[in-house]
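If you look up TrEMBL, you'll see A:64-93, A:110-139 marked as domain '4Fe-4S ferredoxin-type'. The [4Fe-4S] cluster 1 binding site feature in TrEMBL is assigned to A:Cys73, A:Cys76, A:Cys79, A:Cys129. The feature [4Fe-4S] cluster 2 binding site is assigned by TrEMBL to A:Cys83, A:Cys119, A:Cys122, A:Cys125. Residues annotated as region 'Disordered' in TrEMBL: A:177-197.
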Amino acid sequence: MQLTERSKQVSNKEMTLSEKAYLPAIVQGMAITLKHFFKKKVTIQYPEVKRYLGPVFRGRHILKRDEEGRERCTACGLCAVACPAEAISMVAEERQKGEEHLYREEKYAAVYEVNMLRCIFCGLCEEACPKQAVYLRHDEMVPVFTERDQVIWGKDLLVENMNNRYKREAWTKEEARQLDQKRAEGQAAGVEPRAIP
Amino acid sequence: MEDTKPNVVKITFDGIEVEVEAGTTIMQAARRIAEADGTQAHLVPPAMCYYKPLEGTGGKCRACLVKVAQGSAKDTRPMPKLVPSCITQVQDGMVVENTTNPAVLEARKGVVEFLLINHPLDCPICDQAGECHLQDFAFEHGAAQTRYEEERRTFEKHDIGPYIQLHMTRCILCYRCVYTADQITNQRVHGVLNRGDAAEISTYIEKAIDNDFSGNVIDVCPVGALTDKTYRFKNRVWFTKPVDAHRDCPTCKGEVTLWCRGEEVIRVTARKNQWGEVQDFICNTCRFDQKKTSDWVIEGPTKVQRSSVISANKYRADLVKKPDFALKLASSQYKAIDDSRPYVTDPDTIRQQSVENNDKANHRSLLAENN
Ligand code: SF4
Ligand code: SF4
Ligand code: SF4
Ligand code: FES
């Protein structure tokens, strides 16, 4: 049965003289190798060089703040229970009087850790979050690491920096779908990426 | 039916016939069906205020409304309005429709909407989330979207004694806690004050409940209005592992459920039955003060329904059988050590022997390859 066009019948018949001479086949092989020297390289020098990441890429996590800089996460644990890899853990704390400018809700995550070695970047945590607090960045990956303790990311690495906010064109599925639709119809040329309110 | 005893009546609930004693409520009859056949559990009307262990509960929330299509064998007219099944007694030949009647399901949707009118949507913060009856009720019977735009009523948080916190904002006024305090403890100091929108659970000027059994109001509360202060924000319910345990308690039966994280006991509650009702009320010492594993005799993991979020990420490692392949292989290849060989200490002899052994091993592997 012929499965593909490129399949070749293998046989045991006597070799011809040129095949027996061995050298032509070697030269042919070397030529193929040589040809690749002049082709465009498919590899890149990661991490110095990085590829373009699409708007739906799921990279490293970020814990968002709202426009007043208060942390959105309320340590509800829905991301952790949704996570198929059990990568997320947290410890909740009650907000004290005078901390209203730091945390949005009555309860907040005092410790929030993502184990980047466990994480499979499925984005289920993002979907589970009722407070729009956790997102997977589309523009940054987990950097190369050499030590195991570099892969447990705490709040110091996860919480958003207000001076360099994470911006996206669309924050919800519905928004993204609408945007896609508009693009397909040729409208909506320049959509300004924005931080979540 | 000549052979049935006079005090036994027969009713049809959602097409299933069941015989119960006269005086039973429709709710109890439905539960009887589900207890006999677990696959029918979805037929049982939900209950938000009715609580079997407490006398006089029921009839407040209207979650359990059903249609009586035939009043009794004698009077076959249907009842004109939907009736609350938790307080309506059965009659011989009654025909009840619950899940089979779309009007009932539609009415129930309305009840959910009404209960949620003033209930805050703060489940991410609430300690009851994951074991909240209102969550279950809204999930199973409610609409997905809210139509309510007005302000919700809010109250300040109250401390009822050192151990119990009241979030009146979340209360659905089911009166279960009031009946508990009335019937379980001997001096009730809390009840419902005011009426309508302003009705609230009050402890008559925050007089602490310092009764031995006051903690049980936490367990009977179907929502997160009365919560355990020693458990406040400690953890989410589904991250803790429930185990059954008991201890010798002079005041109560001492049979409880411990909610553990690792080795640590972070909460103690009474055991609940299939319908979320407390089996034996426990005392405050058991509930609030005995938070060490050494205080308890562990009986084993609590049975949690597979559909509950509490069962998430619990694997019962003790039930997983290890594959015995490795053990079998080891036992089949076991050779006793030959202790009769002379004990060699001379380095030259050792070297000599190791060279010989190496040759032998090479020879063996060559043989194996050639065959
Ligand atoms: S992306 Fe998926 S695997 Fe990673 S933390 Fe979120 S839910 Fe877990
Ligand atoms: S990130 Fe979102 S889902 Fe996770 S604990 Fe915080 S609020 Fe809950
Ligand atoms: S506090 Fe809880 S138990 Fe008491 S009436 Fe309100 S909802 Fe019912
Ligand atoms: S459970 Fe029947 S009215 Fe509340």
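Glycine is treated like the rest: Cβ placed from N, Cα and C.
Note: the Cα of A:Cys79 ([4Fe-4S] cluster 1 binding site) and the Cα of A:Cys125 ([4Fe-4S] cluster 2 binding site) are spaced 4 Å from each other. A:Cys73 ([4Fe-4S] cluster 1 binding site) sits 12 Å from A:Cys125 ([4Fe-4S] cluster 2 binding site), taking the Cα positions as reference. With A:Cys76 ([4Fe-4S] cluster 1 binding site) as the anchor, the candidate binding-site residues are A:Cys119, A:Cys122, A:Cys125, and the one with the nearest CA is A:Cys125.
Just so you know, the Cβ of A:Cys122 ([4Fe-4S] cluster 2 binding site) picks up 15 other Cβ atoms within 10 Å once every protein chain is counted. Comparing A:Cys83 ([4Fe-4S] cluster 2 binding site) with A:Cys129 ([4Fe-4S] cluster 1 binding site), their Cα atoms are 11 Å apart once rounded. Geometry remark: A:Cys129 ([4Fe-4S] cluster 1 binding site) versus A:Cys122 ([4Fe-4S] cluster 2 binding site), CA distance 14 Å.
In sequence order, the binding-site residues from A:Cys73, A:Cys76, A:Cys83, A:Cys119, A:Cys122, A:Cys125 that place a Cβ under 8 angstroms from a chain B Cβ are A:Cys76. The 6 Å Cβ screen around ligand 3 retains nothing from the binding-site residues A:Cys73, A:Cys76, A:Cys122, A:Cys125, A:Cys129. Counting residue by residue with DSSP, the domain '4Fe-4S ferredoxin-type' (A:110-139) contains 5 helix, 9 strand, 16 coil.
Cβ neighbour count for A:Cys129 ([4Fe-4S] cluster 1 binding site): 21 (other Cβ atoms within 10 Å of its Cβ, all protein chains included). Excluding A:Cys83, A:Cys119, A:Cys122, A:Cys125 themselves, the residues of that chain whose CB lies within 8 A of the CB mean position for the [4Fe-4S] cluster 2 site are, in sequence, A:Cys79, A:Ala82, A:Pro84, A:Ala85, A:Ala87, A:Ile88, A:Val114, A:Ile120, A:Phe121, A:Gly123, A:Leu124. Confidence across the domain '4Fe-4S ferredoxin-type' (A:110-139), taken as the mean pLDDT and rounded to a whole number, stands at 94. Sorted by the number of other CB atoms within 10 A, the binding-site residues A:Cys73, A:Cys76, A:Cys79, A:Cys83, A:Cys125 start with A:Cys83, the lowest. A:Cys79 ([4Fe-4S] cluster 1 binding site) falls within a helical segment according to DSSP.
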